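K.L.:
Pulled the feature table from TrEMBL, pasting it below:
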type    : residues                                                                     : note
BINDING : Lys10, Leu11, Ser12, Gly13, Gly53, Arg57, Asn161, Tyr167, Asp170             : ATP binding site
BINDING : Gly52, Asp72, Thr133, Gly134, Asn135, Pro136, Tyr137, Phe138, Ser139, Thr140 : UMP binding site
DOMAIN  : 5-215                                                                        : domain 'Aspartate/glutamate/uridylate kinase'
REGION  : 18-23                                                                        : region 'Involved in allosteric activation by GTP'
Amino acid sequence: MDKYNRVVLKLSGEALAGSQGYGIDPDVIQSIASQIKEIVNLDVEVAVVVGGGNIWRGMAGSAKGMDRATADYMGMLATVMNALALQDSLEHNEVETRVQTSIEMRQVAEPYIRRKAIRHLEKKRVVIFAAGTGNPYFSTDTTAALRAAEIEAEVILMAKNKVDGVYDADPSVNTNAKKYQELTYLDLLNGGLGVMDSTASTLCMDNNIPLLVFSITEEGNIKKAVLGEDIGTVVRGKN
Ligand code: UDP
């Protein structure tokens, strides 16, 4: 394989929080921005879907008695804060970017328009998709699957900051946990492997979008991922 030409990079909120586990760590975001710059320089078209779990998670709010939809809208707003932080960092690294939000906020960013997003990508601008799908009860993993299908990305690169792939048990608890090289979405679903939620998994499976789960804490890994190097676990629709 030469390299991927168009990718969706899924950054969870946690990945932006670094070791503190919440909020936004400027050093971590700078490291991610320079890693993204590396692949833009390889002429890869990069769309980023950002999560919001470092600031707010809808499920956590609803577990404490909040209305679930309201809590989810708060989660989607949290992703916009992360998107702006990443945009700022990328532009400090002289990478051209556009943020598109699924909930309109015209003073802050463009609304999500599929054809416009594709045009930005063709011009080698990094497009950051914020505010999830715009709907409560969904996740930013599902957003990554949906946007990848819409913009015809070749792969979803799922950057994790605690693990470097998919394991049969939690490697931070079980020292005998085994890392998978390759899996199918059916394996994920049947095995209850907590890589992404089932809505996201089925969307990827039905549209045959491969997923690469890898660690972002190692500098240079995003580049290795787009070059198809063996750095994590690949999940595919079909074998
Ligand atoms: N969210 C939502 N709809 C979406 C995407 C996200 O309601 O389409 C909300 C949901 O409450 C979620 C929060 O936004 O908990 C943050 O997103 P997510 O948990 O996916 O972020 P991550 O785990 O990647 O940091």
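Glycine residues also receive a Cβ, built from the backbone N, Cα and C atoms like all the rest.
Predicted automatically and left uncurated, TrEMBL annotations should be read as such.
Explain the structural surroundings of these features, please.
P.N.:
Ser12 (ATP binding site) falls outside any helix or strand according to DSSP and counts as coil. Counting every protein chain shown, the Cβ of Ser12 (ATP binding site) has 24 other Cβ atoms within 10 Å.
Non-local neighbourhood of Ser139 (UMP binding site): Gly51, Gly132, Met196, Asp197, Thr199, Ala200, each in the same chain, at least six residues away, with C-beta under 8 Å from its C-beta.
For the domain 'Aspartate/glutamate/uridylate kinase' (5-215), the predicted model reports an average pLDDT of 96.
For the region 'Involved in allosteric activation by GTP' (18-23), the residues of the chain that approach it from at least six positions outside its boundaries are 54-55, 161, judged by C-beta separation under 8 angstroms.
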K.L.:
Among the binding-site residues listed here (Lys10, Ser12, Asn161, Asp170), which has the Cα closest to the Cα of Gly52 (UMP binding site)?
P.N.:
Ser12
K.L.:
Using the residues the record lists for ATP (Lys10, Leu11, Ser12, Gly13, Gly53, Arg57, Asn161, Tyr167, Asp170), what whole-number Å value is the largest Cα to Cα distance?
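P.N.:
In whole numbers, the farthest two Cα atoms are 24 Å apart.
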K.L.:
At 10 angstroms around each C-beta, which of the binding-site residues Thr133, Asn135, Asn161 has the fewest other C-beta atoms nearby?
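P.N.:
Taking Thr133, Asn135, Asn161 as the binding-site residues, the minimal 10 Å Cβ count falls on Asn135.
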K.L.:
From the Cα of Asn135 (UMP binding site) across to the Cα of Lys10 (ATP binding site), what is the distance in angstrom?
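P.N.:
For Lys10 (ATP binding site) versus Asn135 (UMP binding site), the Cα atoms are 18 Å apart.
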